[in-house]
Amino acid sequence: MSSVVVVGTQWGDEGKGKITDYLSEKAEVVARYQGGNNAGHTIVFNGEKYKLHLIPSGIFYSDKVCVIGNGMVIDPKALVEELAYLHERNVDTSNLRISNRAHVILPYHLKLDIVEEERKGANKIGTTKKGIGPAYMDKAARIGIRIADLLDKEVFEEKLERNLVEKNRLFEKYYEVGGFNKEDILDEYYEYGQQIARYVCDTSVVLNDALDEGRRVLFEGAQGVMLDIDQGTYPFVTSSNPIAGGVTIGSGVGPSKIHHVVGVSKAYTTRVGDGPFPTELHDEIGDQIREVGNEYGTTTGRPRRVGWFDSVVVRHARRVSGITDLSLNSIDVLTGIKTLKICTAYKYRGEVVEEFPASLKVLAECEPVYEELPGWDEDITGVTSLDELPVNARHYIERVSQLTGIPLTIFSVGPDRKQTNLVRGVFA
């Protein structure tokens, strides 16, 4: 039995999809455990680029079982469209399994996301407007509709009817916008359910059976630790738990069955949307990193905010997620920058702070403490081992590992999976 969790150590977009794809070669089962289609990941497979939002990265390997776990919220329309996108490119999806306990995103969740963000105005949190938060709210309020409900038209109609009474009152009385008729949703979404019915099962059984049989299971996190609803920069976070602990809740696998946690970081830091970002760059270097690294959101297309590597953030991620292995991505993007900086701590009112603050007010007053390192000009995109790297690039990677306290397992020097290099294995 061997299981590995892949988590983002920053604010998402660290390249988890590529690392999951890379590790999928050794895995036999690949599972997602939280989030929804608010998370995009780009994978290059056989020279072709694919953008996925819901389906696990392992889908390109027909011999791997791919699981959408119970902790996810699923937009059935988006899922059907993503399946069609893969089928058009001759990707076999018969290896997909969808949890019957996962919750469903419906049109009123999407509309609620939009009107609530508009209502907040300057206080908006930068949601992707995919209905994720409202769907998780319904789940917590125990009025959510699950995949199992969607497949039973009588149950679906009953729950939909009940929910629309409340949602329409909210739309009309509070937001002063129009609501929905049952007919707007029922038949269309029931049909989506029928299109995915062949994939639906109890995925907790699938995963636990696989582990008990000694198969290698890879859990793929979405977003990143700093977007975790409990451990992230609240309230500028997602509505679920991307940390490794979220695996047990979102997949139905007990904590004793988790063996390795790979933390994925960029060699710098990025963020989409609003919220604190201590090492953010507003200069030509930031623009250079954004353009060279193509730092635009997979889901939204929004330019990502860019900053120096922040070891305070990644140390926090290591602690709350139990990270055992570091995957450092996009090192090549830093090529040509004369002097590089790594944030080693913060300074708050004259005091050095080494742990990430919970208070956004405190964080807003924190100034990064930087360590400067010399850069490199050599092209490193063809490098296949640490020994082939320029001395300064190797020193930069070593310093990141030292400051975060996480041993290096993987490093990446470009977007293609062939530019991903293994330093040590994670699967038994």
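Just so it is clear, glycine is given a Cβ too, placed from its N, Cα and C backbone atoms.
Using a 10 Å radius centred on the Cβ of Asp13 (active site, proton acceptor) and all shown protein chains, the other Cβ atoms total 29. Residues or ranges marked as active site, proton acceptor in Swiss-Prot: Asp13.
Under the DSSP three-state reduction, His41 (active site, proton donor) is assigned to strand. The active site, proton donor feature in Swiss-Prot is assigned to His41; the stated evidence is sequence analysis.
Cβ neighbour count for Gly12 (GTP binding site): 28 (other Cβ atoms within 10 Å of its Cβ, all protein chains included). Residues or ranges marked as GTP binding site in Swiss-Prot: 12-18, 40-42, Arg304, 330-332, 412-414.
When secondary structure is read from DSSP and collapsed to three states, Asp13 (active site, proton acceptor) falls in the coil class. Per Swiss-Prot, Mg(2+) binding site is recorded for Asp13, Gly40, and the stated evidence type is sequence analysis.
Summarising the annotation, Swiss-Prot assigns IMP binding site to Asp13, Glu14, Gly15, Lys16, Asn38, Ala39, Gly40, His41, Thr128, Arg142, Gln223, Thr238, Arg302.
Non-local contacts of Gly301 (substrate binding site) by the CB criterion (under 8 A, 6+ apart in sequence, same chain) are absent. Among the features that Swiss-Prot reports, substrate binding site is placed at Thr298, Thr299, Thr300, Gly301, Arg302, Pro303, Arg304.
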Surrounding CB atoms that lie within 10 Å of the CB of Asn38 (IMP binding site), all protein chains: 27
Local Cβ density at Arg302 (IMP binding site) - other Cβ atoms counted within 10 Å: 13
Residue pair His41 (active site, proton donor), Pro303 (substrate binding site) - Cα distance, angstrom, rounded: 15
Count of other CB atoms lying within 10 Å of the CB belonging to Thr300 (substrate binding site): 16
From binding-site residues Lys18, Gly40, Arg304, Ile331, the one whose Cα lies nearest Gln223 (IMP binding site): Gly40
Span of the IMP site, taken as the largest CA to CA distance across Asp13, Glu14, Gly15, Lys16, Asn38, Ala39, Gly40, His41, Thr128, Arg142, Gln223, Thr238, Arg302 (Å, rounded to a whole number): 34
Distance from Gly15 (GTP binding site) back to Pro303 (substrate binding site), taken between C-alpha atoms, in Å: 16
